[in-house]
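Written out below as C-alpha cells is the structure these notes cover.
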Amino acid sequence: MAVITEENSNNLFCTDSLELTSNKQDDQVISNYLKPVRSYPYIKYSRSSLLLTASTTLPENFVISFTNSIESEESDKSDYLLDHAHSLQELSTTHSSLSSTLTSMSEESSSTESKFATLNDGINGGNPYSRLYRKNPSSDPNDIPPQFHFKKKSKSFYSSMYDKMKIRINILPNGNDNFIKKRNSGFALAPIACYNHTSDLRKLLKHKVTGSNASIFKRINPRSRKRVVNPECSVTDTPYGKLNNVIGEGASSFIRVINDRNKLPIYVAKVFRPPLDTSLLRRYVRYFIAEYTFASTLRHPNIIKVLDIIYKRHTILQIIEYVPYDLFTFITKGHCSALKADQMFFQLLDGVAYMHSLGIAHRDIKLDNIMLDENLNVKIIDFGTAFVFHYPFESTTLMSDGVVGSKPYVAPEVLTQKPYDPSAVDVWSCAIVYCCIALKRFPWKVPHTSDKRFNLYVTQRNDPNTKSQLIESLPMNSRDTIYHMLDIDFNTRCSISGARSTTWMQQVRKTLI
C-alpha cells in the first residue's frame, strides 16, 4: 500500500513532481481510486502514471490513497514513492511556517498603512505626495538620472553648422533670385545672412548719391521690383483666421495680416518661403522651429508674442501678435521727440536685458526688428539669429563666430572672423539704434576702417585729447552711456544691465511709471 496524505495544510506549494507508476494489472484499481480527483487541473493522470506537477497548489485536506498488491520487484518503486511522500510532508511543514510569517507581515503592513493614512489625513489633508514625506534630493551631480544629463554643444559643432549655412539656395520661386543678389550682399548665406541695409541708408542719408553708387541704389529700391510668391506654397486659411494682404517681406519670409470679423487686424502670419532644393528642407524646418522655440519661450512686455507655429501645404507659418507701427517708419517721419526717443531706448534695453538674463543674445538688433504697439511701446521681433551664450549654473560664456546681422548695426569684432561675445554685439547694436533715432542717420555704413566715418571715430576715440564728433552730436545726458556702449574693445564694453542702470536711464524710467 502506498499512501500520500497531506492533512491540515493550507494550500501546499509543491516544489517537486511526484510520479506514481503501476503495471497494467494495477490500472483499474488506480483508476477507481482517482476518479474523484481526475478533474483537478494540477493532476495529470495517464494510463500508467499519476503525475503531480511542480508549482501547483494543493487544496486543504487533500488525500491521495490507493491500495494494491505490489510485487516484490516493485518494492524499490514503493520505497521511491514513500521518500517523495516524506518530502511532500516536509515541504508542507515549511510552507505552514512561511504562511504564518507572511500573514503576520501582512497584518503589520496593513497597520502601518492605516497609521500613515491617519497621519496624512490629519496633517496634510490627505495628500500622499506632500513635501513632508519626500526624501531630500541629493546634492551630488552623480545621483542625477542619466536621462537628465545634457551636454552643451562644442565649438566645433557651431563652426560646422555655420559652414553648412553657406550652402547656396534659391530663396525665390522659379529660381528668380537676381533681385536679392543685387540687394543683399549676404545672399546665399540664408537663412542666416549679413544683411546689407543700403535701402535703409538711402532713406536716412540726405545727401545725393552720384557716380557708380547711383546705379546700385537704383537697383536696391525695394519698390523697383515686386517679389513673386509661389502660389503653390501660399496658405489662405488658418485656425486663427484668413490671411489677407501682405504688409511686409524679407529675404526668407513675408508677413500677411489676419483680420477678425470686423476686418480689424488681430494677428499677423509670418510665412516662410521653403527652399526649392528638397535636400535642404530638413535644415529649413529645423531652423524655423528653433526660431519659434526662442520666441515662444520669451515673456516680456517689450518682446513680441509668438502664439503658434503651423505647418500646412509644405509651408511653415508663425502666428504673431499684431503691432501697427515699426520704429524705422516712425522716426523717418519725424514723429519722435527727444523724451520719446529716450523712453523707447530704455524699453529696448529692458527687453534685451531680459534676454541676456536668460543667456540668449539676439544678434540682429536693428530698426527693422523693433516694432511699436498702439501706445508706442517697443516690441522686439525676429529671433532667427538668436544664440544661447550662457547656460544655467555655468560661469563660462559661449563665443559666437561668423558674420551675422546687418552691416550698419554689427560690432567691429563681427567682421574680424574671430570668436566674439554675442551679448556685447547686442550692446553695440542698441547704441547704433539710439544714434539713428537721435541723429536720423547711420553713424557709418559698415564698422570697418575702410569706412571713412568709422575710421574717423576710431581715430578720435584713441586720441585722449580729441572728442568724438559722433558722441558730441548726441544729446548731453546720453553721451557717457553711448560712449561706453560703443567701445571698440568688446572686453571692456559695458553690459546691457550696466547701461540700463545709469543715471540717465533711471531718470527716463521714472517718466514711464
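Cβ coordinates are placed from backbone N, Cα and C, and glycine is handled just like the others.
Under the heading region 'Disordered', Swiss-Prot lists 98-120.
Here Swiss-Prot flags 98-114 as compositional bias 'Low complexity'.
For 241-505, the entry in Swiss-Prot reads domain 'Protein kinase'.
Per Swiss-Prot, the feature ATP binding site maps to Ile247, Gly248, Glu249, Gly250, Ala251, Ser252, Ser253, Phe254, Ile255, Lys270. Classification of Glu249 (ATP binding site) by DSSP places it within a strand. Cβ-based neighbour count (10 Å, all protein chains) for Glu249 (ATP binding site) stands at 16.
Sequence annotations record features per position, and here Swiss-Prot assigns active site, proton acceptor to Asp364. Take the CB of Asp364 (active site, proton acceptor) and look out to 10 A: across all protein chains shown you find 26 other CB atoms.
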Please report how many Å separate the Cα atom of Ile247 (ATP binding site) from that of Asp364 (active site, proton acceptor), as a whole number.
21
Listed binding-site residues (Ile247, Ser253, Ile255), ranked by Cβ neighbours within 10 Å, top entry:
Ser253
Could you tell me the mean pLDDT the prediction assigns to the domain 'Protein kinase' (241-505)?
90
